[in-house]
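A short worksheet on the structure shown next.
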């Protein structure tokens, strides 16, 4: 692995894909939770719901553009040519490589997700298409990384798909809620809605975190060949340790909210405690952005077992 302009560009596009996908997933969940109350013209939930809808649309547009940018960098990396010349290589990458197949699935899902974000109504068909698109994107993204080395129908792909999904739920809820949606529920008239939505965010995040840790351990053992020495001596291992440190930070912040800030907010319903919850969630969102950047670098680094010849 050589760290050059192409590698940095690939990682930057992959990080943008990770963040945008998670933001879209989190916004979709928040929009679904707020939709019923937001239908009333005068409702404290309406502004928050509108922010969730706009956040999802913005995130899906960014996701589509980042997908296209990543493909161009990938074509240049695989062919050994510059970015302008890589445009001519793209058809070959799409039709003759497993990366092309995985990217096509993820991109098709992103286009469907964009369509659902642009839809003016929220019916059962739209919601079904939305979550099918989310699963397709996760499966496609899983096929772009090292898990694809085990084959398209492997436990590694299944675990990586699960990992992408649940990490996007956890990180997406933190980012969409902390950076966009919950600040719109800051008024005293919206306090009950804030408490209810914060509780939903916390409960779903707990389940997502448990699955993140389960799938993450599987991926770490697979990538390191089960060797702590491989983690200690390889670039992949160093990036993994950075990612784990950021995950630990996000877990601490999420724990503070769940076990201290949220129970206090339920008891007092005060403005100060509402601000405390949202501010801690904001910090958790920043930590999760760091996790997604580290994950992008990890997926574009040679796995420890391969780098040290353990595989």
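Any Cβ shown, glycine's included, is placed from N, Cα and C.
Of all ranges given (56-73, 74-91), TrEMBL attaches the label transmembrane segment to 56-73. Sequence-distant contacts of the transmembrane segment (233-256) (same chain, six or more residues past either end, CB-CB distance under 8 Å): 1, 170-171, 174, 202, 205, 209, 212, 216, 220, 223-224, 280-281, 283-284, 287-288, 290-291, 294-295, 297-298, 301-304, 307-308. Of the candidate ranges 12-35, 101-121, 168-189, 201-221, 168-189 has the most C-beta pairs within less than 8 angstroms of the transmembrane segment (277-298). Below 8 angstroms of C-beta separation, residues 45, 48-49, 52-53, 55-56, 58-60, 62-63, 66-67, 69-70, 73, 110, 113, 117, 122, 127, 130, 134, 137, 141, 164, 167-169, 171-177, 180-181, 193, 197, 200-201, 204, 288-289, 292-293, 295-297, 299-300 of the same chain, each at least six residues beyond the ends of the transmembrane segment (12-35), sit close to that stretch. Long-range contacts of the transmembrane segment (201-221) within the same chain: residues 29-30, 147, 156, 159-160, 162-163, 166-167, 169-170, 173-174, 177, 182, 231, 240, 247, 251, 254, 257-258, 262, 281, each at least 6 residues beyond the stretch ends and with a Cβ under 8 Å from a Cβ of the stretch.
Helix, strand and coil counts from DSSP across the domain 'Copper resistance protein D' (200-298) read 93 helix, 0 strand, 6 coil.
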